[in-house]
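Please read the structure below before turning to the comments.
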Amino acid sequence: MTEPITPEIVAQHGLKPDEYQRILEHLGRTPTLTELGVFSVMWSEHCSYKSSRVHLKTFPTSGPRVLQGPGENAGVVDLGDGLAAAFKMESHNHPSYIEPYQGAATGVGGILRDVFTMGARPIASLNALRFGDPSHPRTAYLLEGVVAGIGGYGNCMGVPTVGGEVAFHPSYNGNCLVNAFTLGILPADKIFRGTAAGVGNPVMYVGAKTGRDGIHGATMASAEFDASTEEKRPTVQVGDPFMEKLLLEACLELFQTDAVVGIQDMGAAGLTSSSVEMAGRGGNGLDLFLDQVPLREEGMTPYEILLSESQERMLLVAAEGKEELVRSICEKWDLDVAVIGRVTASGRWRAHWRGAVVADLPVDPLTEGAPKYHRPMTPHPALPALHAFDLATLPEPADLGAALVRLLARPTIASKEWVYRQYDHMVRLVGAVRPGGDAAVVRLAVSHDAHAHKGIALSVGVNGRFCFLDPYLGAMHAVAECARNIACVGGEPIAITDCLNFGNPEKPEIMWQFAECVRGIGDACRAFGTPVVSGNVSLYNETEGQGILPTPTVGMVGLVEPVERTCHSTFRDAGDVIALVGSLQGEVGGSEYLSAEHGKEAGRPPALDLAREKAVQETVRRAVRAGLLSSAHDCSEGGLAVALAESCMMHEVPSDGSKPAWIGCAVRIPFPVRKDFVLFGEDASRILVSLPKENAARFVDLAQQCGAPVIRLGAVGGDRLEIQGALSVPVEELARAWRDGIPAVLRRDAAHAGATAPV
């Protein structure tokens, strides 16, 4: 007997009453429970982008290097000489909060599949992580679990994690963020897409068996958390990186044949989403025969088979007559493989089970016909008072040196060495610079010797405080800082991906934040010539009604040529000249200093002049390529004083356990406003450089040609950071505070009896 569809069942599936009414209108009848489950996942925010799609369409998505823009598993850009890069960033926020190790691990697995589904071999990963207040009882538990999950999966796959960012803020206490980025390399003329083309072609299942893990994961990722969060552990997928490694190699071998017509990762919403999306892109129908799906558990129902999010699975459309070729390659790699369906001309998506049709739905309402909302928007009501706050009324610290030490110990600013030492960043020997700098640089020579002179620069980042205080400007800052980081290693930005993390879009102030951030990213990308080629939206990042800071993470890719001429972020030689490319405004609105020293998150983010920003970047990029610089370091969180301190400290402790290496500096800074504002303000468009004295005149000439201001500050040398008239601190003391920031979080947690306290 068919189970009746009640309002309670509709609500359990995350559908609103008006959405269910639309389903009835599309079908002209009551859906079965299986069909309701299909609509539930396909109309979830995670799959349909129903609240965000109207805004995302405003992004610039085309350009001379774009080979594949948004809408596929990953974006693809042309690197020249017949080579291309596929890349994307994806969130796994909700699963990682519920079960941090598996949530983060399967997030890595999912983004790797997105990239190699395009025909690319993944060569590098990054991540952008957000955790709650360091003193919160759950923060260390999540930090340890997430980092272990990322390292555990990526290390087993043999894909190096070469960079990223980690930040802490109380708004993430109940909702951590795990944004995973992967880039792969492929021939520019061999891109594979997720389309069900060719009526009569077989639909084949490849990979791990299907179990009950992850059922309704997409729906869970489209809802707020509450007191029942711990009960949602069964919706978190379980990953097997060794199975994924076999799947990767099998797919890359299949791509060398003529057997693959289309291929799609079974990610969110599993077999349902992958098959529906392939049918939608191909403009065709699809018949699935669920009896043929390889199962890991007994007694699974069609509903469970279709909605399972078991990992390490692919759906491919093979050329008719090539089934045995696909089968032989997959069996060679010890993978399950089965023909489970056919492409049809019906325009309908059908699922068969034991001789009966258990779902028969038109494809269009599940894809392009899904709801699209123009939700109400209004500025956040707290902003006028925050903008009006008089920063000049704040007291100046009595000891600026002590303030700098405290700032360096803040986990957001502190060394991330504890994190990246758990990642195998040396595997495949692609890294041209070690983790800890402004941008990661990977060589292409390991995979393609003919391209030995080329490298790729990678950067991820965003400042959530800036985006809260001014979403439009904050989002522009995210793009500008990623581009600045790439300029610091001599790279030319070419494209971005994004991961847009926000709270509940049904709240007008959250929807306004989202729309303004999208507008800011779009305008900045147009200015830098960096189209948006892929991305992800993660909404409902709220717990008990408390939302996260708006966090539109940007991941940028740049071309470094020649890769031998890249640059590091730390001072190198005593006697080198230190200079600031940019100006000194002392803008502390939304800064880490304001929060750390005064407990305030107020004011406006620093002004951003895109013409000035581009001039600063062009100056440094050309100087790096000309070999003029010893170091280049972006001034961001913590301002100029933190940038100077970081430049004094090595990012790697010697493996023999000897005293860490560092070098001091002595500088004289003009103070147009209060000293603390100049030292710790996070003014935009600034890069701190060091260079041999003999290169100084050429560098100043270059800056003048590019239209960028340069301020000569002082020289590298000694064992103290000395800022005349402001502070003098031993670099050893700075390094001790900086290196201990994150270990201190873990020690604090160990001191609590309830280290893994429930939510």
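In case you wondered, yes, glycine gets a Cβ from its N, Cα and C as well.
Following the DSSP three-state reduction, the secondary structure of H46 (active site) is helix. Annotated active site per Swiss-Prot: H46, in sequence order, evidence recorded as sequence analysis.
The Cβ neighbour count for D498 (ATP binding site), using a 10 Å radius and every protein chain shown, is 31. Annotated ATP binding site per Swiss-Prot: Y49, K88, D498, G535, in sequence order, evidence recorded as sequence analysis.
Its own atom aside, the Cβ of E90 (Mg(2+) 1 binding site) has 27 Cβ atoms within 10 angstroms in the protein chains shown. Annotation note: E90 (Mg(2+) 1 binding site) sits in a strand segment as assigned by DSSP. Here Swiss-Prot flags E90, N536 as Mg(2+) 1 binding site, drawing on sequence analysis.
The substrate binding site annotation in Swiss-Prot covers S91, H92, N93, H94, R113, Q237, E309, S310, Q311, S538, and the record cites sequence analysis as its basis. There are 31 other Cβ atoms within 10 Å of the Cβ belonging to E309 (substrate binding site). Classification of E309 (substrate binding site) by DSSP places it in coil, neither helical nor stranded.
On its own chain, H92 (active site, proton acceptor) has G103, A104, T106, G107, G110, V178, A180 as residues at least 6 apart in sequence with a Cβ closer than 8 Å to its own Cβ. For H92, the entry in Swiss-Prot reads active site, proton acceptor, with the evidence type sequence analysis.
Same-chain residues at least 6 positions away in sequence with a Cβ under 8 Å from that of D265 (Mg(2+) 2 binding site) are, in sequence order, N73, G110, R113, D114, T117, G194, S274, R313, M314, L315. In the three-state DSSP assignment, the secondary structure recorded for D265 (Mg(2+) 2 binding site) is strand. Here Swiss-Prot flags D114, D265 as Mg(2+) 2 binding site.
Within the same chain, residues at least six positions away from Y49 (ATP binding site) with a Cβ under 8 Å of its Cβ are L56, V537. A strand conformation is recorded for G535 (ATP binding site) in the three-state DSSP classification.
Pairwise Cα distances among Y49, K88, D498, G535, which the record gives as the binders of ATP, peak at 17 Å. Secondary structure from DSSP puts D498 (ATP binding site) in a beta strand. Of all residue pairs in S91, H92, N93, H94, R113, Q237, E309, S310, Q311, S538, the annotated binders of substrate, the farthest apart have Cα atoms separated by 20 Å. Around the Cβ of Q311 (substrate binding site), the number of neighbouring Cβ atoms within 10 Å comes to 29. Checked against G535 (ATP binding site), the recorded positions H46, S91, N93, Q311 differ in C-alpha distance, with S91 being the nearest.
For the recorded ATP site, residues Y49, K88, D498, G535 set the reference point as the centre of their Cβ atoms, and the other residues of that chain within 8 Å of it by Cβ are L56, P70, M89, E90, T497, C499, L500, V532, S534, N536, V537. For the recorded positions H46, E309, N536, a Cα-Cα cutoff of 10 angstroms around K88 (ATP binding site) retains N536.
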